[in-house]
Ligand SMILES: Nc1nc(=O)c2c([nH]1)NC[C@@H]1CN(c3ccc(C(=O)N[C@@H](CCC(=O)O)C(=O)O)cc3)C=[N+]21
């Protein structure tokens, strides 16, 4: 027996097709959504991610605004580009690619982003709105995970979800989405300080592994039939992605997200959706 595949590539393609028609609807009103990115430094991985986001934009008809600064950029120089993107009417949403170089106060940069243009859904105001149950752009990876589960008919209502990790983008924010009344899951969040991690994992109907530890989730820790989502992006010596989920888990789980081809493409699709939604909101205002 082998797990069913949570195919993020196919799900993202379907979402992008839907976004293409929403973008066409905006064009009818003379509006072209524009995604801005600010990339600081020369990390090859970050360059690839940013390039992928702009390729997606081209495919659905979103304009691209690409800004880059050298690794030596100062806090002030970075903040000046943020101010420019805030003021640029052609930029309806943008993100500052993380991580920023050492010595830069990333939280201070993120706080300066206009919350109405926050494509990542990670601005403190928008995270606060999420806590309060108010409308806000949602964090892309958590939102993508929920959409991927729904598309494949994995029951979230009443499920016990174990989220591994406590990063802002996934570990901290995903439980907020999963415990909304619409999702209605019961969530356990575990991290490197958790005792008996395996005992928690074995209880889970759904496991989301976002720790960044290669092959952390082992087959013997997974309840047979559970859904397992692999968010981890570590790399081996040859540059290939190594996820947080051991390959043997596919023999035990009921559903599994491949990596690559699972959560990553969904994250990008949700980024585009945030940009289109904020352009639609601006058009109504
Ligand atoms: N402000 C900010 N927002 C982000 O959303 C953000 C960020 N910073 N910093 C880095 C992480 C990482 N991230 C990924 C998105 C898509 C894939 C993705 O689509 N991966 C492909 C494969 C890509 C490959 O092979 O290298 C896949 O999983 O199939 C991966 C990683 C977004 N991040």
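Every residue gets a Cβ built from N, Cα and C, even glycine.
Predicted automatically and left uncurated, TrEMBL annotations should be read as such.
Features as listed in TrEMBL:
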DOMAIN    6-120  domain 'Tetrahydrofolate dehydrogenase/cyclohydrolase catalytic'
DOMAIN    139-282  domain 'Tetrahydrofolate dehydrogenase/cyclohydrolase NAD(P)-binding'
BINDING   165, 166, 167, 233  NADP(+) binding site
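Here residue 166 (NADP(+) binding site) comes close to 172, 189, 191: these same-chain residues lie at least six apart in sequence, with C-beta atoms under 8 angstroms from its C-beta.
Of all Cβ atoms in the shown protein chains, 17 besides its own fall within 10 Å of the Cβ of residue 233 (NADP(+) binding site).
Long-range Cβ neighbours of residue 167 (NADP(+) binding site) (same chain, at least 6 residues apart, Cβ-Cβ under 8 Å): 210, 212. Residue density at residue 165 (NADP(+) binding site): 23 other Cβ atoms are found within 10 A of its Cβ, drawing on all protein chains shown.
For the domain 'Tetrahydrofolate dehydrogenase/cyclohydrolase catalytic' (6-120), the number of residues in each DSSP class (helix H, G, I; strand E, B; coil) is 61 helix, 19 strand, 35 coil.
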